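Supplied in structure tokens, the structure appears directly below.
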Amino acid sequence: MGHPTGQSRGWFGRVNDKQVYAHTSFCLSSILNPGEPPLDKGIIPWLGHVFEFRRDTLKFLNRMKQKHGDVFTVQLGGFYITFLQDPFSCGTFVKEKQEKLSRNKFSHQLMKQAFGYEDIKSDPEIHLMAHTRHLMGDGLVLMTQAMMSNLQNLMLHNTGSAANQSTWKEDGLFMYSCKILFRAGYLSVFGNVPPESEGNEEKAKEKDRTESDTLFYEFRKYDQLFPDLFYGVLSPKKKKEAQRLLTFFWDALAIHKVRNKDNISRWVWDIQQAKAEDGMEESMISRYMFVLLFTTQLNTGPASFWLLLFLMKHPEAMAAVKGEPDVLDSAVEETLRLTMAPIITRSVLQDMTLKMADSREYFIRKGDRMAVFPYSAVHIDPEIHPDPHSFKYDRFLNPDGSKKTDFYKGGKKVKHYTMPWGIGVSMCPGRFFATNELKQFVFLMLAYFECELKNPDEKIPEIDVRRWGLGSMQPDRDIQFQYRLRY
Ligand code: HEM
């Protein structure tokens, strides 16, 4: 894990010696600056609570909340992180200026550590323009259309025909959903093999299928390493494997290859173009292509699995979705409430005062970090979402069928009643496209196939607790299903 002279890696980052010294000296004498949140350093010097935190983040944060209340600072791998777990005050993240609470400093460190990518100064502006134009504006329609045609190519290939329609195919639902979503998403963002290069369109489609298949399996390997990589605790052997995979993706997504594709999304095109104009080397732009692949694919596959599984396990929800497409939006939101668990983190760049919704104020030190874990702060709070562990497909619908946005705690309205996409400046710009992807996938599954669980009585798998804080949760095992063409 490193040592107190500043070599920690991963999410816990690189420790600032002065900060450790300052906090250590205060805490040895048990004195905090006036107005600071309760500080819990754990019993292991410098590492603090890191092992308990990694073992089960949700359990650990719940324990801390019970002990200290909804604002507390914990020591994790040399860093002091203040968790803000009051549902009414999460908006502080939205309101605080970037000069005080910065997303960029933290994300630059992570990009370098996990993806071998080093940013240049003008990046945020470039990204924001490309996101707004192509993931939210007119470009969203084009990307959604591309997704539809790629999903059709992948889902209908090799599924038989009317002549042998009674043949069931079996697969693990998690692997099937992740594989389809990954491959279709990758092709929609990075483009298709041009028919000219293969001789005809059929051959080009075939190549899209085989290439995206290879990429998917390598991506799964990287994804498996990601929790330990993110938290900076990979063993040397696994580090080597992570490096091999990065090199594989940098080559597969090399910018000269991406530029030769057909239908490359304007989003990727504009970003790589702007980086080139800014003077970034081609090899570094290729590395960024993997950052984009990872960002776009990390959550979508697992989310599509949970959505389809919840629908299959809840016949009333399945019937409602088939009868009234608007219900699907609520079912998607409910799925994300139950299975999306990112930790939203900011670096504290200046000493600051955290102002809570109920007028409490806390002094927060420069050099520390602040974080919100919406899953426990909001998503599964039984006052905000009664019976919080149950899937209720219509939880986000009013009786008249409109979108429900009124949720309360203690009689007071909760503005941020779910946060699967994060909040504030770093809120996921791909949320509209991602929602479309999930809805398209479910729509096509239900339109093309009869599908059922092999064992309808099998319980919904447990969540794999190693992934708390990283985004979409994954199941601790797969669940078998079968499907066959309807016509
Ligand atoms: C179910 C699918 C998805 C979920 C739940 C999701 C969620 C998130 C979350 C939680 C963040 C980080 C927020 C933070 O740290 O404060 C994020 C960032 C981001 N997402 Fe998504 N995402 C999904 C799919 C996508 C897709 C399909 C795209 C693009 C096509 C995308 C593009 C991005 C980008 C570019 C960022 C970085 C924003 C920044 O740092 O400025 N996401 N996403």
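Note: Cβ is positioned from N, Cα and C throughout, glycine not excepted.
Curation plays no part in TrEMBL annotations; they are all automatic predictions.
Values in this document were obtained by computation on a predicted structure and should not be read as measured data.
Checked TrEMBL, it gives:
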type: BINDING; residues: Asn299, Arg369; note: substrate binding site
type: BINDING; residues: Cys428; note: heme binding site
Least buried of the binding-site residues Asn299, Cys428, going by other Cβ atoms within 10 Å?
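Each of the binding-site residues Asn299, Cys428 was scored by Cβ atoms within 10 Å; lowest is Cys428.
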Measuring Cα to Cα, tell me the gap between Asn299 (substrate binding site) and the residue listed as 'heme binding site' in whole angstrom.
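Just about 11 Å between their Cα atoms.
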For a quick check of packing: other C-beta atoms within 10 Å of the C-beta of Arg369 (substrate binding site), how many?
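A 10 Å sphere around the Cβ of Arg369 (substrate binding site) contains 22 other Cβ atoms.
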How many whole Å apart are the CA atoms of Cys428 (heme binding site) and Arg369 (substrate binding site)?
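For Cys428 (heme binding site) versus Arg369 (substrate binding site), the Cα atoms are 20 Å apart.
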